[in-house]
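First the structure, in the form of structure tokens, and then the observations on it.
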């Protein structure tokens, strides 16, 4: 479901690519009809009006999308595309054409800003990078199809530029139909407005399964901005008789985790003696530690999660075949018939059997918070509380201090859990409260049998199995202490403490959000100044030198048609590279792709500089330039092309995502305008070698910025990413104060 929805949404970017390519071809014929050879300003405006429209609409699109929703904005975008196409088809004079281009720019601005947000909010964490590379892919397909169409039209005796531009309304009509009848609203936006039932239905459709309790709870938790979060670590292992007989079972810090089968349970103990960011101090890579503190602690923090993750991407850890849903995506536990009699699913809910399920996600069924009672002789008695309660598929935790935890998978190997504390206050009364925990299994510690890791202060039995888990512990987003008296089954999802608030400017100045904005704005600026516009501008000239123009003229193709065909071929070369990037985005990761592709861009630009300065034969020069340009394009669309937009759609909290994305997109458009209009001036003043030299320097700065500041976000739920930003920003602030 999520894949089809992402493909449909990415048609918005196909239209943007289509429009960019069409105007590049049509402007040649518009000049002739309106005699604009003597008026370069008007000619420039016809092309630039779309940029101006996109920039203007972006200033308000974020706030409006946080207010109205993502889907209505995509619908408006499709309408603007369609109307602008029809007006361009009619345009009796230049002024009507300029108006149509402005409307078209509005459509482009909305699509470019909101499609990545929409895909990020609907995609599962494991394939979010792949799906968010789709806009780049469809945009290039749109450009290629458009170049083919314009090239075909240019071969006629009297090419009709109105028809070239007006054809846009046909694919945009298809996009309009899809946005109206196929695209659902973003579940994260629905939850932010308190529309829980709608959000649940959308999630069930997107995930293709009935039980989405874990992710629903995650979306609620994502509504918080800031908040105090600590990082703790637990060692989790089986609570077998040998351990339970020792004094370890009397440990007050011990949390007990019960499995789905009778007699199968685990204990979790905090790893003591660690700082709040113990995970970094223990696992931060030595390279990061040795760079004199220049690397952002946030980068090390994110890196430590990926460094220590089990090798299987889906977290269906073969190490623990019976570890249930504690650290696996699907329910792969053996069925215990005795227990099923005690489980009464909610009316109308049908639970699939384990037999045919295997590792399928359809088997994931767990409550928001499951309740158990534990008698003195450790018997486990499940009780039904009228919610999604399937003990077969929920992992239940209960600590010896009376704290209860219900845990669920939320994607990317993460689990969400709550601790219900009932502490006795000074006046003797019981005080209750929730703590929200995101759990993540760390790498296989040492050996399969767990002999290298033991619970603190005890030797691990040789045949036991242990995992180490990082835990992000925080207060739940929406939960009031007075609701404890009502014995709620789950957190805010079932009993919201307050009506979710809209975005406020105050939230943007929260340390984690500010930190994310620095990363988002920085990478957008560097992307635009890394030379893509200059190389695009120069490509026809290079290919002309390489003899492609001569070859085409021998075939009887005019120079204007030849330039269109050359541009189309260039675009076609990008598609395989984007396909490779889609495959690698969730395997290698965003940061790794940037760090490995940017050096190729630097080398390509330096070769172009040398080619411009050093005198060499025409054939050699043309060959070297052509190879450099092709390499630049291929590696740009693998890394620096799609990743800035992907990152910006991932690193902001739900409540301010629209506003923050709009700020980043506005930066993108302003820099695009600056680069586009400064290029001819720079070519006159410093020449081609100077321009490419400047771009190469920007690429070097970009590599340093990515290395020091850009964290790896692959496979992590959006809410966990924003929580990490919050923790990392506070760590930076604490370091400065110290």
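Note: Cβ is positioned from N, Cα and C throughout, glycine not excepted.
Database features, via TrEMBL:
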- 5-714: domain 'Major facilitator superfamily (MFS) profile' (DOMAIN)
- 72-90: transmembrane segment (TRANSMEM)
- 96-119: transmembrane segment (TRANSMEM)
- 131-155: transmembrane segment (TRANSMEM)
- 161-183: transmembrane segment (TRANSMEM)
- 331-366: region 'Disordered' (REGION)
- 372-391: region 'Disordered' (REGION)
- 559-581: transmembrane segment (TRANSMEM)
- 593-614: transmembrane segment (TRANSMEM)
- 620-647: transmembrane segment (TRANSMEM)
- 659-679: transmembrane segment (TRANSMEM)
- 685-708: transmembrane segment (TRANSMEM)
Look at every Cβ pair spanning the transmembrane segment (593-614) and the transmembrane segment (161-183), keep those 6 or more apart in sequence, and say whether at least 3 of them are under 8 Å.
no
Using a Cβ cut-off of under 8 Å, list the residues of the same chain at least 6 residues beyond the transmembrane segment (72-90) that approach it.
9, 12, 15, 19, 61, 64-65, 96-97, 99-101, 103-104, 106-107, 110-111, 114-115, 118, 162-163, 165-170, 172-173, 175-176, 179-180, 183
With CB pairs under 8 Å as the measure, which of the listed stretches 131-155, 161-183, 559-581, 685-708 comes out on top against the transmembrane segment (96-119)?
131-155
Do at least three CB pairs under 8 A connect the transmembrane segment (620-647) and the transmembrane segment (131-155), leaving out pairs fewer than 6 apart in sequence?
yes
